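Following: one structure in structure tokens, then a few remarks.
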Amino acid sequence: MATYLQASSGPCSTIVPEITRRSANYHPNIWGDQFLKYNSFDLSKTDANTKEHFRQLKEEVKKMLVDAGPNQQLNLIDDIQRLGVAYQFEAEIDAALQRMNVIFQGNDDDLHTISLRFRLLRQHGYNVSSDVFRKFMDNNGKFKECLISDLRGVLSLYEATHFRVHGEDILEDALEFTTSHLERLKSHLKNPLAAQVIRALKCPIHKGLNRLEAKHYISIYQQEDDSHNKVLLNFAKLDFNLLQKMHQGELSHITRWWKELNFAKKLPFARDRVVECYFWILGVYFEPQYLIARRFLTKIIAMASVADDIYDVYGTLEELVILTDAIERWDMGALDQIPECMRVYHRALLDVYTEMEEEMAKTGRPSYRVHYAKEAYKELVRQYLAEAKWFQEDYDPTLEEYLPVALISGGYKMLATHSFVGMGDLATKEAFDWVSNNPLIVKASSVICRLSDDMVGHEVEHERGDVASAVECYMKQYGVTKQEVYIEFQKQISNAWKDMNQECLHPTTVTMPLLTVIFNMTRVINLLYDEEDGYTNSNTRTKDFITSVLIDPVQI
């Protein structure tokens, strides 16, 4: 375990001499002041020529979408969604899919068309039957081998299988069938199809982040010289770049706020990851109307990240009890017995919520929203404290003890509650009551978050001397190997995705935009915790993701 002796002076000094503090040796901020150079960008104040060009392109795309025949419309909707501009045509897409759901037959259509229609309808909450795929099976209940000659259809079927729910054996068989054939054939294909297959096997459409997938699909789409729609392509490029400028301006504001807090100096043991936090929340919602929501949620996840390090790495149990009590009471009193750096953190935390309360008052939103958010944050730090007690008392919890705590300390119930605060009239009091009661979709998201995090991070955390993860708990309790645990956890993650899919089928308890936000949070985890802890170790794959979405524009 790496440790150091905290000196008796400076921002993190305490009244207790020579307390041994742990250090996780996180790498420093890799971005510096890079994002401070960007100016605030208001889309409504785009120059007149660009605004008119954008309007004309949008009207042309809308006309094509409305006038298209059924199958052409299917493919156009798919392209619009994958190019990241579906938010511009929500009413038209909803109307088209509603008509398709009413007349969904599919008996005479090919594999690609049926698979695509199924995927788009499921994606928008329509509970269409997976029995439509039985026509592609032989008398033995297996998918016909002749289908592999239709690679486009096989790829479309593969993408459709990721919308399966519990009990859909036909889609389980379809996933196995398509995956095996695509894996076998991928090295023999030419671009752009090869790139699509490789991308799909790594990250199916259903699990991808909007901005990353849009940037990638723009590059794929423009390679399809014979089939791509130049108007749609130009519109998607312009839309991406305009949104990127807006996002750069937002990140500049966030970076300036973070720099003024000066946590890098005042809390040097904590991860300095505010850019990564913004990227995380950009994956939750990217649309212009959610600017305030992004700003608030980015600040909250940044504060939660620092709290995680205070509880995991820095604080003594006595200090953490005092800090937790102060957060529970939500006041600045009785903090003299903890280090100055914790007091700095606590003041900054309260300021974030005060800022949000002022924003709610300014926009005429009810104040109860921030109350729900505060309660969710209190619940989070209670679980941080429970884990800190396990560590400092050298206690190895059972899996049954670990999971109820760890599913909350993973932060996704807290984030789900906070994500609603800035979402306007969509987030009713009933919606806050619903999310606060930890519904199935939030539980499933938390399972994916916790198990993914533990699988990629448990070895480093074990070396650091942290409390046992779900991996160690399972290995010890059931006497199995690490690889066997991974297999079991992947099954649980797969089942959690099915739970989430089920919760998004009509009729839903809350509106689809609120469910989509929770789904998007899970998509971020799927990306960042795929091969490693891409948040903590952000100087590899995550750096490339952020560069692609927030620095490099699309070439017009």
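Quick reminder: no glycine exception, Cβ is built from N, Cα and C everywhere.
A quick note: this is a predicted structure, and the numbers were derived from the prediction, not measured.
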> If you check Swiss-Prot, which stretch out of 213-217, 308-312, 333-337, 398-402 is marked motif 'DDXXD motif'?
Replying inline: 308-312
> Once near-sequence residues are set aside, which residues in the chain of D453 (Mg(2+) 3 binding site), 6 or more away, have Cβ atoms under 8 Å from its Cβ?
Replying inline: G410, I525, Y529, D533
>> Return the count of C-beta atoms lying within 10 angstroms of the C-beta of E461 (Mg(2+) 3 binding site), excluding that atom itself.
In response: 20
> In angstrom units, rounded to an integer, how far apart are the Cα atoms of D308 (Mg(2+) 1 binding site) and E461 (Mg(2+) 3 binding site)?
Replying inline: 13
> Mind checking how the motif 'DDXXD motif' (308-312) divides into helix, strand and coil residues in DSSP?
Replying inline: 5 helix, 0 strand, 0 coil
> Sequence gap of 6 or more, C-beta under 8 Å: which same-chain residues meet both conditions with respect to D312 (Mg(2+) 1 binding site)?
Replying inline: A24, Y384, E387, A388, F391, D466
> What average pLDDT is reported by the model for the motif 'DDXXD motif' (308-312)?
Replying inline: 97
